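Trainee: Sharing a structure below in structure tokens format, with a few things to ask.
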């Protein structure tokens, strides 16, 4: 990091969070403005999307890739007319393609809104409730763990050490009689 910008491995220039730029009411953006003219600035919250490969992490490889042959199959000896088979293939493929497009047109944006809200709530709860609750619990349980540790070292350690010394002299010998 240098001079109010982040540069990633591809050479993209990212803006620095406002607190690292100086006073939030008077950020020192003049020096940064001169450097911005050299490279294109990318905001950390915007991202280019790939319109060709829409599943770059392969989330739906095993679930959604269903073709005609995966659903409908005629065994040897039981074949319909070739024209019927071709028409069935075309009907299945076109119906699946256009019905998916229709459903995504109607429900895609509302579902994206619902899932966006859901994951925003989930992130908010994790950041502002779960992690602080766990940290609080760990701080509160620390005194109990100290008492438990003292108990174990005072009572259990000597007991098990004595039992270990008792059984340390036990020897087993096996003889095979003929």
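Every residue gets a Cβ built from N, Cα and C, even glycine.
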Trainee: Quick test of your reading of Swiss-Prot: among 119-130, 131-142, where does it put region 'Interacts with SPRY1, SPRY2, SPRY3 and SPRY4'?
Mentor: 131-142
Trainee: For the intramembrane segment entry in Swiss-Prot, name the matching range from 84-104, 105-125.
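Mentor: Checking Swiss-Prot against the ranges 84-104, 105-125, the intramembrane segment one is 105-125.
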Trainee: Return one of helix, strand or coil for residue 57 (ubiquitin cross-link), based on DSSP.
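Mentor: It is coil.
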